[in-house]
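Undergrad: Please see the structure below; I have some questions.
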Amino acid sequence: MRHATSPIVFCFLIFLVMNHVKGQAKKKRCPIGLHTYGKCGTDRAKFCFSEIESKLSFSKQVLNTISSCRCDDDRQGNKDLYWCQCDRREGRPCPAN
């Protein structure tokens, strides 16, 4: 009987450890953003990356951590605006609000 209960107790302990680890999620990295006049290009992600690369002064090391970009068109009054946001794979986490 002792041999039968050992695996059950072991599985229960593993279950507790796995659930404890799930509660400690990785903090999200702060995105890089740009909001200015104009419109997104046809290839929105590529346009956004090139705009951030040319208009903001980030090192190549920071630019290499970018995993994805998105561009959203907006309109304020009679002026076109766009909002670029690029997410990063690594870097400093966003501060808690």
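From the backbone N, Cα and C atoms, a Cβ is placed for every residue, glycine too.
The model shown is predicted, which means the values in this text are computed figures rather than measured ones.
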Undergrad: For CYS71, which disulfide partner does Swiss-Prot record out of CYS40, CYS86, CYS94?
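TA: Cross-referencing Swiss-Prot, the cysteine bonded to CYS71 turns out to be CYS40.
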Undergrad: Of the candidates CYS86, CYS94, which does Swiss-Prot name as forming a disulfide with CYS69?
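TA: Among CYS86, CYS94, the cysteine that Swiss-Prot links to CYS69 by a disulfide bond is CYS86.
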Undergrad: Can you tell me the three-state DSSP label for CYS48 (disulfide bond)?
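TA: Going by the DSSP assignment, CYS48 (disulfide bond) falls within a helical segment, counted as helix.
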Undergrad: Measuring Cα to Cα, how far is CYS40 (disulfide bond) from CYS69 (disulfide bond) in Å?
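TA: That separation, Cα to Cα, works out to 12 Å.
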Undergrad: Could you measure between CYS48 (disulfide bond) and CYS71 (disulfide bond) for me? Cα positions, answer in whole angstrom.
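TA: Checking the Cα atoms of CYS48 (disulfide bond) and CYS71 (disulfide bond) gives a distance of 6 Å.
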